[in-house]
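> Feature list, courtesy of TrEMBL:
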SIGNAL    1-22  signal peptide
DOMAIN    22-120  domain 'Cadherin'
DOMAIN    137-235  domain 'Cadherin'
DOMAIN    429-464  domain 'EGF-like'
DISULFID  CYS454-CYS463  disulfide bond
DOMAIN    466-554  domain 'Ig-like'
DOMAIN    605-640  domain 'EGF-like'
DISULFID  CYS630-CYS639  disulfide bond
DOMAIN    653-683  domain 'EGF-like'
DISULFID  CYS673-CYS682  disulfide bond
TRANSMEM  694-717  transmembrane segment
DOMAIN    766-1048  domain 'Protein kinase'
BINDING   LYS797  ATP binding site
Amino acid sequence: MDESTGLFVLLTCLVVSGSVQGTLQLSANVPENAQAGETVTSVQSAIGEGREELRCKIVAGNKNRRFLVTDCVIQVARPLDYGVDPSYNLTVNVTGSSENPEQLYVDVQVQDVEGYPPVYNDTCEMPTRNGPGNVQGTLQLSANVPEKAHAGKTVTSVRPAIGEGREEVRCEIVAGDKNRRFLVTNCVIQVARPLDYNVDPSYNLTVNVTGSSGNTEQLYVDVQVQDVEGYPPVYNDTCEMPIRNGPGKSGDLNVNIKFTTEWVARDIGEVFVSKYIYYGKESNPFSFSKHNFFTDNKNCLVQVIWEPFNTYDTLTVQSIWDSQVRCVQCFSSADMASVLQFEILGRWSGFNPAAMDHRLCYRGPIPETGRYFIVAGWFILSSIMENHFTCKLPEDISISVSMNNMLRETIPVLVEFDVDPVGCPRNKYGPFCDQNCTCENGARCHGLNGACKCQPGWQGVVCDIPHSTVVIIATPSDTRQIYIRGSVTLHCKVFHLAADRMMWTFPNKTEKWLQGAQEDRVRIHNIQSEHNGTYTCNVLTADRTAINASYELQAVACPPEKTSESCEEECVCSHGGSCDRWAGCVCPPGWTGTTCQTACPVGTYGQGCSRRCRCQHDATCSPTDGRCNCTEGWFGSNCSRPCPAGLYGWKCRYTCACKNNATCHNVDGTCACVPPWTGKLCDAIKTETYTFPLSLQIVIPLVLTLLVAALVLFIVYKRNKARQAEYENNLEETMVVLELRNMEEDLAQSLQPGWLNRWERNADDLTLDELVGLGASAQIRKGRLRTADADVTVAVKSVRIEDRRCYRAFCREVAALVAVHENSEEENGGHPNIVKLFGVVTMSTPKCILLEFAAKGELLLILKQPRQNGPLGRFVRYAVQISRALEELRRLRIAHGDVAARNVLVSGDNVAKLADFGLAHDVYTETTYVSADNDDVDELLPLKWMALESLESREFTCESDTWSFGVLLWEIAAFGEEPSYQRQRQLSCPKLVGLLRQGVRLDRPPGCPDKLYDVMKSCWREEPSARPEPAELEQKLTECGQEMDPLLVVDD
């Protein structure tokens, strides 16, 4: 084996290892008169990794910034001087493919060069000529230029530094202009090609300057490229747009939008469906203009602005506004994984829609126009998943809709959006396909933001900078099309390098050597499980640099219509089902059976027929999506609403014929007459002849006698009425206390006699407004409470008391809030971080709790709002405030039992308040609360927020609240994502207990500081007594918030 072969084998061993290991010491010599850009040493050859797999950065020892690193090659950046610094000890951080950084130490010795640097001799010091003459001396200039600078932008002018007229000097860049990014025009250095900070953060240009005498001197220009936030645009495969090959032109929208609505018209009873499909300008159902779409981001976020221009559209939006609807959410599927969200913003004096304080759910840009309303929305566009959204509107809303050029009052039944990406013609991008792509060398242009997806061997903003690398290209490129018993071709290709040797390494450790090859192909036929593994192409370049590329083959699926371990059995699935290697037919939603031949049983729908229909009044549901087909007389998403007054029958399409104020049955239209009317249509007066019986002649005197007795009894009744009311109050209070003693003895004992009567409010003083929260057994409405001082806005929470579980929750919430307010150390009672109690209504149905109304709503919804850079420090401020609420509950020995982001409300003055001491289990989503699987089958518990001991014993303590608080911190750091253990969203109680007993905890959310995650983990300690107390949590979280945002102030 010769010397070069031995070096290649040694470097190949380092390459295959896949990461930088160990600490290396290098040494290098460089003459002090070395030019800027001259190579000192290469980290690449010492480490032995491919250029694309290695990142290097000088972190210490670079005194006065004499050196820089480009592609892991250390170069001279600034002039050296042996007399000033004869040596440098550089520390280089090297990050390999495994992302494990290691440190490399480079000892650079500066060599003394005789006669350098030139000596300044005052004896022959020359004067400076201000007039014409030759260029004298060597000058050093520096300049900064943003990476987003366009071609032709001036970087710096040589002329002021030279001091000569334009006709007397000529300038030319002769070195340092890597990839020809700059040009010189009339001695002005300009940007010539797009810059990219991540590729080349700096340039050391050498400019030859020729004066009028013909003498040439050199000028050195240090150009620093400035990193620009959000640039270059990122190519996101999630929303990669197709290339439109059919008809299309500049100005066409790059998506099809289908808007489907179903309404019940109050006056004519017709249910109708309107479908608008937007494809090009001609079919535009709304008044869009080009500034209405914003897609210039990396997150596939599409922001839409619709301004109604015509009268009918404006009146429709006006009716929605008058119904107090501001934000509308549309969910993409039954699990509500993706959201399309709209907000209606009004324009008039005193209201500025551009101000964030005036917005509830939209945070995007707002155009400056003078229209009355703006409908602003956003959603995440996906090109690999269905973009179907179903909107949720309040049931009591009434909307004006144009029908046959007439406005009619309607009740919305269904509002849906379908967004289908259709892309732009080739070399076009943007929402309206009106912007020109700039990508080069075969790169693909993203249809939304114009980002370039470079072909192998190219890099940079527009893919015009050569990338010296080795890659393996697989055909087919889509791993989903590589099957067992199929075939794949792996193509190893060298770009912009001179390859001396190439070697393939296969999963079975065999090798294939080639001499002087620039590319090679390996084809694998009849793929089997043993072919899976890592295929590596190792290349040794002419300058003895080792570079490698790897491809991971994981063929695990059978070809279409094949199944079994060997993929030899036929698999024919009906109704669009797909074949799985192990499970056979995987049926689409709505179908089941070994070959998907059977529709879902009645009452079920969805994938695997696993979901239960929620249709009421004998309605059937679609087996695919669960949509209800209402029976006669009913409408609504779950057929729970009777036809509006005056309408009846299937889809409420028939108008009642009843007369004389009669009401008609919503199902069959039969009339219920008001006396004295009768008849089928209540259009005849009822006439009957009455006789005066003898018996009445006897009874009447008797009745008169009884009336006298009744008068006496009435006086007695009036005297006892007050006593009876007091008795009923005491009875209600006694029932609540008895219910509480079955749950929490400490809480029951903290209540003073007469507590319920002290907080009782008159139902006549309460005015109800719109619905803001709804569940199967409870609902929350906005309302106004008349008090002795003034009317106050309240949240009215009501419950059906016939449901024992709900009644228990009602009792607990009332008692807990009363205990907090009556045992408070605050001057005004209560606690600033616990929702304020205004009273209860228990003497009428339904029973209600009157609470403080939080204008900004749930913390969970606030966390889920889109943002460019998550202000985590701001949300930690909320956590600090909730820790104070827990400290107060601990003082009162009250356990909350459900500390979570959904149960934290944010007031109009931005203060977090802990709420929902009992009813949260009903008002929110079923995915959060799971049956406890015990004797009390109605008990729903927030499993993923519960402490380990609570899962096992169903008992809640202040220590278990600390565990839940840790999960709340996780929700804040994850910006409202639902917690999942080992990526499993649905876990049974026994399985979750098993995971927690094994030490499994929630993973650290992306971007979460280590110190904040340490606070979370301290809350999840298995031993309750080992968990921190609320006061300690407040201190630690305050420190975390100040570290994340030094300007953050948490109010006391």
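Heads up, the Cβ atoms here are built off N, Cα and C, so glycines get one too.
Help me see these features in their spatial surroundings.
Mean model confidence of the domain 'Cadherin' (22-120) amounts to 83 (pLDDT, 0 to 100 scale).
Same-chain residues lying 6 or more positions outside the domain 'EGF-like' (429-464) and placing a CB less than 8 Å from one of its CB atoms are 147, 179, 193-196, 199, 232-236, 239-244, 248-254, 290, 293-298, 300, 302, 381, 421, 423, 471, 473, 493, 495-496.
In the three-state DSSP scheme, CYS463 (disulfide bond) is classed as coil. Around the Cβ of CYS463 (disulfide bond), the number of neighbouring Cβ atoms within 10 Å comes to 23.
Neighbour count (other Cβ atoms within 10 Å of the Cβ, all protein chains): 25 for CYS630 (disulfide bond).
Cβ contacts within 10 Å of CYS673 (disulfide bond), excluding its own Cβ and spanning all protein chains shown: 20.
Mapped onto three states, the DSSP output places LYS797 (ATP binding site) in strand.
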> Under 8 Å for C-beta pairs, could you tell me which stretch among 22-120, 137-235, 605-640 has the largest tally with the domain 'Ig-like' (466-554)?
22-120
> Quick test of the contact rule: Cβ under 8 Å, at least six residues beyond the ends. What residues does that give for the domain 'EGF-like' (605-640)?
264, 271, 334, 395, 411, 413-414, 587-592, 599, 648-652, 665-668
> Under a three-state reduction of DSSP output, how is CYS454 (disulfide bond) classified: helix, strand, or coil?
coil
> When you measure from the Cβ of LYS797 (ATP binding site), how many other Cβ atoms are you left with inside 10 Å?
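For LYS797 (ATP binding site), the 10 Å Cβ neighbour count is 25.
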> Would you count the other CB atoms within 10 A of the CB of CYS454 (disulfide bond), including those on all shown protein chains?
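21, counting other Cβ atoms within 10 Å of CYS454 (disulfide bond).
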> By CA distance, which of the recorded positions (CYS630, CYS673, LYS797) lies nearest to CYS463 (disulfide bond)?
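Result for CYS463 (disulfide bond): the nearest of the recorded positions is CYS630.
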> Under DSSP, is CYS682 (disulfide bond) helix, strand or coil?
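DSSP assigns CYS682 (disulfide bond) to coil.
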> Going by DSSP assignments with H, G and I as helix and E and B as strand, what are the residue counts for the domain 'Cadherin' (137-235)?
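With helix first, then strand, then coil, the domain 'Cadherin' (137-235) has 10 helix, 46 strand, 43 coil.
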> Using Cβ atoms only, which residues of the same chain lie under 8 Å from CYS639 (disulfide bond) while being at least 6 residues apart in sequence?
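Same-chain residues close to CYS639 (disulfide bond) (Cβ under 8 Å, separated by 6 or more) are CYS615, GLN616, HIS617, ALA619, CYS628, CYS630, THR631.
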> In sequence order, which same-chain residues at least six apart have a C-beta under 8 angstroms from CYS682 (disulfide bond)?
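Non-local contacts for CYS682 (disulfide bond): CYS658, LYS659, ASN660, ALA662, CYS671, CYS673, VAL674.
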> In whole Å, how far does the CA atom of CYS454 (disulfide bond) lie from that of LYS797 (ATP binding site)?
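On Cα coordinates alone, these residues lie 57 Å apart.
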